[in-house]
Amino acid sequence: MNKKMGKIVAGTALIISVAFSSSIAQAAEEAKEKYLIGFKEQEVMSQFVDQIDGDEYSISSQAEDVEIDLLHEFDFIPVLSVELDPEDVDALELDPAIAYIEEDAEVTTMQTVPWGINRVQAPIAQSRGFTGTGVRVAVLDTGISNHADLRIRGGASFVPGEPNISDGNGHGTQVAGTIAALNNSIGVLGVAPNVDLYGVKVLGASGSGSISGIAQGLQWAANNGMHIANMSLGSSAGSATMEQAVNQATASGVLVVAASGNSGAGNVGFPARYANAMAVGATDQNNNRATFSQYGAGLDIVAPGVGVQSTVPGNGYASFNGTSMATPHVAGVAALVKQKNPSWSNVQIRNHLKNTATNLGNTTQFGSGLVNAEAATR
């Protein structure tokens, strides 16, 4: 609908039309704001529009000029979108045919900050300018699917029959979102939204993979200058090959962050149990150890892992439980620390995360405590 402008004169049975000079009209136009006028009936609204078209309208009030620019007439609800001077609203509200007048307020897409992101105090670190810029993070998982809330820089696949990094399972995309979901007013927010994110597919669409594939993924991370490798995967059995790969990646400068496991047992799973992997357990909203989270002497640190909302394939979002969900919180905070201290080694970053963690008590249950982005970026 074309924009229509009508002159309204508020006054008892007084119907006139006044011409403004161009300078006055321009000033009046600049003073106008957008409003929505709701009418009690559709028919009455149509009569109102006809009067605007004819530059005629009257209401019982003190005589004063009211000018309305009609922007849109809804045909399924009795509402008009208009522009008018805010000072004229009171006069229009005296019309008994008008049910309400409200500002045509701005509405934006809503971004949710998941509880875990707040719990590790990532938004405070981000407000200081630490968002992971310049830090390369590899997610060794089921791949990462394209998503409006993720910026993927590249990656590689080491799963036979699945040559690209697209995620046929969903797990890797969820992990990636906790690390790196963009600060873009949609969906969710990650711990380190500006990291350089890489998908390294070592698990197939079924959610499983081989030791050789995971070792190749670690080799890729080392050879391609990754600063951090997130491994939200594990096994109850150790592997000499896997341990060598973790050790070599660490020697190459990669901080390997791994999930402690989900059996609830009092020992840490593999590869998190290896000395050169940072073992991450899970906590709930009450800072208790999640019942499924494996624990023990080898546990380094904990992070939120219950009801973690993040990205999933298909531009969607969902909530999950697991130490797999806790681990990317730690990987993300590690990226913030690396940005703040670019010369620090992976060993320095690991120690710093442990030294700045929030003490939750029993070290067997919680390691050094809850990862704390605010304290880690002071």
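Note: Cβ is positioned from N, Cα and C throughout, glycine not excepted.
Summarising the annotation, Swiss-Prot assigns active site, charge relay system to ASP141 (among others) and lists sequence analysis as the type of evidence. A strand conformation is recorded for ASP141 (active site, charge relay system) in the three-state DSSP classification.
According to Swiss-Prot, the active site, charge relay system annotation covers HIS171 (among others), on the basis of sequence analysis. According to its DSSP assignment, HIS171 (active site, charge relay system) is helical.
Residues or ranges marked as active site, charge relay system in Swiss-Prot (evidence: sequence analysis): SER324 (among others). Around the Cβ of SER324 (active site, charge relay system), a 10 Å sphere holds 27 further Cβ atoms from the protein chains shown. In three-state terms derived from DSSP, SER324 (active site, charge relay system) belongs to a helical segment.
Neighbour count (other Cβ atoms within 10 Å of the Cβ, all protein chains): 20 for VAL188 (Ca(2+) 1 binding site). Residues annotated as Ca(2+) 1 binding site in Swiss-Prot: GLN111, ASP149, LEU182, ASN184, ILE186, VAL188.
According to Swiss-Prot, the Ca(2+) 2 binding site annotation covers ALA272, TYR274, ALA277, on the basis of similarity to another entry. ALA277 (Ca(2+) 2 binding site) has a Cβ environment of 29 other Cβ atoms inside 10 Å. Secondary structure from DSSP puts ALA277 (Ca(2+) 2 binding site) in a beta strand.
Feature annotation from Swiss-Prot assigns domain 'Peptidase S8' to 114-377. The predicted model assigns the domain 'Peptidase S8' (114-377) a mean pLDDT of 98.
Taken from Swiss-Prot, the feature signal peptide applies to 1-27.
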Query raised in the report: By CA distance, which of the recorded positions (GLN111, ASP149, HIS171) lies nearest to ASP141 (active site, charge relay system)?
Result: HIS171
Report summary line: In all the protein chains shown, the tally of other Cβ atoms within 10 Å of the Cβ of LEU182 (Ca(2+) 1 binding site) is 22
Query raised in the report: So which other residues, same chain and not among ALA272, TYR274, ALA277, have a Cβ within 8 Å of the centroid of the Cβ atoms at the Ca(2+) 2 site?
Result: MET231, VAL246, VAL256, ALA258, VAL268, PHE270, PRO271, ARG273, ALA275, ASN276, MET278, ALA279, GLY298
Report task. Rounded to the nearest Å, what's the C-alpha distance separating LEU182 (Ca(2+) 1 binding site) and TYR274 (Ca(2+) 2 binding site)? Just drop the number here, would you? Result -> 32
Requested in this report: Using C-alpha positions only, work out which of the recorded positions HIS171, TYR274, SER324 is nearest to ILE186 (Ca(2+) 1 binding site).
Outcome: HIS171
